[in-house]
Amino acid sequence: MAAEEESNSLQYTPTWVVAVVCFFFVLISLVAERALHHLGKILKHKQQDALFEALQKLKEELMLLGFISLLLTVFQGLVSEMCIPTYYVSTVLLPCKKHSEGKTPEKHFPRAINHRRRLFSTEAASDHCSRELHIFIFVLAVVHVIYCLITMVLGGARIRQWKQWENEIQGHLNDRHVDEHHTSFVQHAKGWRKTAILSWTMSFFKQFHGSVTKSDYTALREGFIREHCPSNPRYNFHDYIMRTLQVDFKKVVGISWYLWLFVVMFLLLNVKGWNTYFWLSFLPVVLLLIVGTKLEHVIIRLAQEMSEMKERGETAQVKPSDEHFWFKNPRIVFFLIHFILFQNAFELAFFFWILCTYGFHSCIMEKLGYIITRLIMGVIVQVLCSYITLPLYVLVTQMGSCFKEGIFKEHIHSSLTTWRSGPRDQGSG
């Protein structure tokens, strides 16, 4: 055994073998790096900012993967020397359980458990588990970026359909066209003013049919402009919400520390018989329905306020305010959508990772009915988020007390940022 290990050592490996292997690794890495760099230049040239930001995030996740791989390589010797009592390794919190005491573990335990049982007993096993772990982290990061990209592209395509409304409003600012839409918008409030339960019920069902109407868009647009830029009634509100969507996409495509804690928690709860991932697949759908209902209810509340102003003989207009949102903070909606997108990506990434690593019949994969349900839930979340919740979020969260970063065009925002940082730089000098 010692002679075999010595023959496999780098000290006794021909130098041309080492050089060739090293050359191919470096070549593949350089080709991949230059390809990503060239793709980024193409996206910048075509002004595809959202796609460019997704590419940047993918690079960050690749760097994170490399760092994790380095840590696993450096500390795999230390991990292999750790000792855990056999009872805890073989009986506590297992994703699969042995069917019979009389048969060998290799026959009834999937590879996942076999390696997990030996994780702290041999260096080879620890290296194998470490490699599978950081592969899962890489798959999760890539799936999250791709999933967010698809959601934002589809949602953005739906929001671009409102461009026609913006053009029509711009061409009818001086006639009764806008007043007619105000009257239609106020109809939201009739019959629901004193019935909170019915108002919330209406909000729930409205998100599935006509979630954003032309009357909604017209009234919210005018309310925003009167509140934040009254001197410019022709302000292009549609371009503004598209810019805010791009700004938010730069944030939502990232993976924050609390999301990684979420991954650790559910990896811990992946215990045989609990069906954790099956029940978890319903969470993003429920959250999306709650968020969509809340956003629709904000529209109804604004319409109710408008109706009350009209009855008092005041000028009826939408009054943006943080009071309509949870804890007076519109950003909570953003964090919920961020979590929903990541959680759904986690479901899909975990499924494909188990499928490719251990096979379809692994006990970690659960029953066929559970698998189909999880995949269907993933599709439902994709559709709901892209075509309902995301457009609602982009429009309704503009009704907070403050405007967002995208209110200025990119070149104006850059100029203002330079202007604000200028005096500090001069003062520090």
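Cβ coordinates are placed from backbone N, Cα and C, and glycine is handled just like the others.
Bear in mind that TrEMBL entries carry predicted annotations, made automatically and left uncurated.
Per TrEMBL, transmembrane segment is recorded for 16-36 (among others).
According to TrEMBL, the transmembrane segment annotation covers 62-79 (among others).
Long-range contacts of the transmembrane segment (133-154) within the same chain, counting only residues at least 6 positions beyond its ends with a Cβ under 8 Å from a Cβ of the stretch, are 50-51, 54, 57-58, 61-62, 64-65, 68-69, 72, 245, 249, 252-253, 255, 263, 341-342, 344-346, 348-350, 352-353, 357, 382, 385-387, 390. Feature annotation from TrEMBL assigns transmembrane segment to 133-154 (among others).
What TrEMBL records for 252-271 (among others) is transmembrane segment. Panel annotation: around the transmembrane segment (252-271), residues 53-54, 57, 60-61, 93-95, 140-141, 144-145, 148-149, 152, 277, 280, 334, 337-339, 341-343, 346, 364 of the same chain, lying at least six beyond its termini, place a Cβ under 8 Å from a Cβ of the stretch.
Sequence annotations record features per position, and here TrEMBL assigns transmembrane segment to 277-300 (among others). Through the fold, the transmembrane segment (277-300) approaches residues 188-189, 192, 199-200, 202-204, 206-207, 211, 216, 220, 266, 270, 324-326, 333, 336-337, 339-340, 343-344, 347, 350, 366, 370, 373-374, 377-378, 380-381, 384-385, 388-389, 392-393, 396-397, 399 of its own chain, all at least 6 residues removed from its boundaries and within a Cβ separation under 8 Å.
Per TrEMBL, transmembrane segment is recorded for 332-355 (among others).
Positions annotated as transmembrane segment by TrEMBL: 375-396 (among others).
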Short question: which residues 6 or more past the ends of the transmembrane segment (332-355) have a Cβ under 8 Å from it?
135-136, 139-140, 142-144, 147-148, 151, 248, 251-252, 255-256, 259, 262-263, 266, 277, 280-281, 283-284, 287-288, 291, 294-295, 325-326, 362, 364-365, 371, 374-375, 377-378, 381-382, 385, 389-390, 393, 397
